[in-house]
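K.L.:
Structure in C-alpha cells, see below.
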C-alpha cells in the first residue's frame, strides 16, 4: 500500500513511531503498512540505556571475579595436594646427596649410574639438590608458584618444569583444565573486546577531528601494535633482565614464547636457586600472562585477517591477468585464421564516425560497380543478338 493512500492522521502515527516517539494507533494501521515499516523504532528511555550499561559492567565484573577466584581455588588445592609429596622428595634427594658425598670414592659403576638416574629424576620433579639445607625448605608449591601453575594450565602454556606428581593432583588437574580452559577463553574474549573498544574510541575521536577513515584505520592499528609491544613485550623484558639476570634478547624471547602459548620451558621465571625473588613475584607474572594472551590473540586474529585479504587480492589479480591473457591469445588466434573462417561481423565491426561512413561508401561503390558491370554485359548481349 502506498503512503499516499493513508490519511494525515495515519501518516503522523507512522512518522512519529518511526522517529522513535511511539503513539497509540500503530496497531490500527493497515497490515501492509505495518509489514512494510516493521519493526517500528522503539522508544528507549535513558533509564533503560543506563540499566543496560550497568548490566554489561556487572557481567564483566562477575566474569573477572569468577575467573580469579577459580585460579585462587585451584592454586590452594594444588598446594594442599602436592606440598607434602614434594617435601618427601626433597628429603630423599638430600639423603641421596649426603650418601654420595660420603661414599663417592667407593661407588661402583652400577651405583654411580643409579645415582645419576635418581638425580635426573629429582631434577625432572622440580627438586634441585644444590646448596645448603635452607634451600630445601623453600617449596615449589607455595601459593605464588601454585597460582602461577594454575595460570599456565588454563592458558595451555604448559612449561613442563612444574607438574603434579600425586594421583590426586593429576586427577584434579584434569578436571581443573577441563573447565578452566573454556573459562579462560571467555575471559580473554571479554578482555579483547575491552581492548578493541579502546581502539574504537580512539578512532571515533580522530574521526570527530576531521581525519579520513583510511588514515584513522592505519593510526588505530599502529597504536594497538605499538602499545601492545611496549606493554607486553618491551617493558616486561627489562623487568626480567633485572630480576632473572637474563639478557634483553632472552627476555623478549621468553615473553613471546610465553604469550604465544608455545612454552618450551627452557626459560621459566623464578627457578634460579642462586637468586632471591620477592613474594608473589610469579603471581604478577601470571597476571601479565593473562592480559598479554588477550592482546596477542587479537594480534594473531588481525594478522590472519590481513593475510586472508591479501590472498583474496592476489587471487583476484591472477584471475584478471589470466582473463586478459586468454583474450589476447584468442585475438591472436583469430588473426591466424583464414578469412573464410572469420565471421563477417568480426571483419567489419561497427564503428562510429568517419570509419563507418568510409565502410558504407566502399560498400556502395562496390554495389555500383557490380551494377555497371551487369548493365554492360546485358548491352553486349543485346548487341550480339542483333
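Each Cβ is built from the backbone N, Cα and C atoms, and glycine gets one as well.
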K.L.:
With TrEMBL as the source, identify the stretch among 168-188, 189-209, 315-335, 336-356 annotated transmembrane segment.
P.N.:
168-188
K.L.:
Under TrEMBL, the annotation transmembrane segment belongs to which of these stretches: 123-142, 143-162?
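P.N.:
Of 123-142, 143-162, TrEMBL gives transmembrane segment for 143-162.
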K.L.:
Looking at 99-117, 251-269, I want to know which stretch TrEMBL calls transmembrane segment.
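P.N.:
Spelled out, TrEMBL records transmembrane segment over residues 251-269, not the other listed ranges.
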K.L.:
Quick check on the domain 'Potassium channel' (138-195): DSSP residue counts for helix, strand, coil, in that order please.
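P.N.:
Breakdown, helix to coil: 41 helix, 0 strand, 17 coil.
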